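Q: What follows is a structure written as structure tokens; I'll ask about it next.
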Amino acid sequence: MAPAWSLLLALLLLSCNAICSLGCHLPHIHSLANRRVLMLLQQLRRVSPSSCLQDRNDFALPQEALGGSQLQKAQAISVLHEVTQHTSQLFSTEGFGAVWDESLLDKLRAALDQQLTDLQACLRQEEGLRGAPLVKKDSSLAVRKYFHRLTLYLQEKRHSPCAWEVVRAEVMRAFSSSTNLQESFRRKD
């Protein structure tokens, strides 16, 4: 009887190890969710970008954090989470609802919340496999500083419609870069 239990236990441990070693694979549906967020951000455009040319600014999008070749998959998940979280916080800011259609904002927030839930589950899974937090401090700090610059810009411009348009376009750029990063890792899998 003992050898049968030993065999079952060994098979269970091997199958768990095989499943756990797969790591976090963001499903194709998550990629579609990213595209949905980009589509919603595009639909939010209310001001012609050409009328806001004088308001444009270089916010120094952290390309190394969003697409650097040195970024490992686990760290990329952390960066994707950071970008999504800051985007969600930015579009939950008080006092800008008058600029955009509230129903579109609700859809955007819901899509971002779903992505955060997916990414948090992924982070927990990856951290469980590695036993340590995944955050690469340089990348995380670069993303936080980038979104801080966007927030300061909005305050400086008093949340004007043109300022929000510039920020909306900039967030689309950041989100597009994070989507490209995610898809590059998905192709490698």
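Positions of Cβ are set from backbone N, Cα and C atoms, glycine also.
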Q: Do you know which of C52, C122 Swiss-Prot records in a disulfide with C162?
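A: Recorded disulfide partner of C162 in Swiss-Prot: C52.
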Q: Identify, among the disulfide-bonded residues C122, C162, the residue whose Cβ has the fewest other Cβ atoms within 10 Å in this structure.
A: C162
Q: Calculate the distance in Å between the alpha carbons (Cα) of C52 (disulfide bond) and C122 (disulfide bond), and round it to a whole number.
A: 38
Q: What is the separation, in Å, between the Cα atoms of C122 (disulfide bond) and C162 (disulfide bond)?
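A: For C122 (disulfide bond) versus C162 (disulfide bond), the Cα atoms are 36 Å apart.
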